[in-house]
Amino acid sequence: MAGYKPVAIQAYPVLGEKITQDTLYWNNYKTPVQIKEFGAVSKVDFSPQPPYNYAVTASSRIHIYGRYSQEPIKTFSRFKDTAYCATFRQDGRLLVAGSEDGGIQLFDISGRAPLRQFEGHTKAVHTVDFTADKYHVVSGADDYTVKLWDIPNSKEILTFKEHSDYVRCGCASKLNPDLFVTGSYDHTVKMFDARTNQSVISVDHGQPVESVLLFPSGGLLVSAGGRYVKVWDMLKGGQLLVSLKNHHKTVTCLCLSSSGQRLLSGSLDRKVKVYSTSSYKVVHSFDYAASILSLALAHEDEAIVVGMTNGILSVKHRKSEAKKDSLPRRRRPAYRTFIKGKNYMKQQDDILINRPSKKHLELYDRDLKNFRISKALDRVLEPSCAIKTPEITVSIIKELNRRGVLANALAGRDEKEISRVLNFLIRYISTCDWSVTCS
């Protein structure tokens, strides 16, 4: 073996997913719990107050779930037709929802019958929300109108008729009780001021608007429709800051993390994208089994709840921190025990005795040593080698080419053996490190 030098296998860097703080944070959820609802889950909303229950709107019912319950703890079913957009008030005591017949119902969480009913819309009411003062409700419907209602008197205060198509989404400012935003299928997003009886800002999203979201500060507005998520600066009169196109199908819902530093969007392409609100780049992504209609995050991002078109409600809870082992661990030898004498320097009077190490050749090296070039090539083209360690196959092909015997190694092969060579070349010809060799 003294005259043979083994083939040097060149190592290549292994490319993998880059592990970031966002990856660790958003992967720290348990296996999802799946709950079957009566129809497509059109809305999920968490109560802002403890115990942070959440309302699920599906078909003609509204279910209230506890944080860890898989069965509803309360059900509101006083709807003649499909219910929409059940939303909690800021104190968590009241719940408002629209319906297909154009009615709006207000519920007390501790009761079952509606406290108030607002009649005025002539078509389905798809969006409702409480204003910041807690005493008014804003609604948008398929009759192209936006209405403001007074809760104590159950009366309509204002009606806005500036949209020219279905009003399917909206939200109220958390700071100013007179400001609220609506999005419509006429491609526009409008901010209304109850003091002026008209819209004060109008922006064109360019697609039918499915969801809108105001940042807690009220300075930024996010709209979703088509494949686009757009961010607008409301302090500059609705100036477009960024347009995101990371989904393959219509974006249906938006959500902010508890810190406000991450924006989440759900889509019919069955994905939830997580964006950084500083760079507006995707920092994480979730995959689901069906098209997504609704999305909500619990307090402190403790749980993520997603509603889908097939009536499945997916609930992921954050993993609890691992408890420290209370039992005293058995003491093991210190690190210095294992490296003792490793760095010892030979003294003048010491005699150094080297133990000869026996080197073993790999099977393909033995074949090359004995000039069995076809056998060596067959050995590295076996699936166990070509798939698991393709760098060895590439190195042997390079060595045969360097010796000028690659053509001889390929000669005399039948169709099955040639197909094995071609399959390897097709698999790895696009790999940058090996493209020259494979071509």
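Cβ atoms are placed via backbone N, Cα and C, with glycine included.
All TrEMBL annotations are machine predictions without curation.
Features as listed in TrEMBL:
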- 343-435: domain 'U3 small nucleolar RNA-associated protein 15 C-terminal' (DOMAIN)
- 118-159: repeat 'WD' (REPEAT)
- 244-285: repeat 'WD' (REPEAT)
Open item on the list: Give the mean pLDDT for the domain 'U3 small nucleolar RNA-associated protein 15 C-terminal' (343-435) on the 0 to 100 scale.
Closed with: 84
TODO: Using DSSP, tally how many residues of the repeat 'WD' (118-159) sit in helix, strand and coil.
DONE: 0 helix, 23 strand, 19 coil
- [ ] Work out, from DSSP, the number of helix, strand and coil residues along the repeat 'WD' (244-285).
- [x] 0 helix, 23 strand, 19 coil
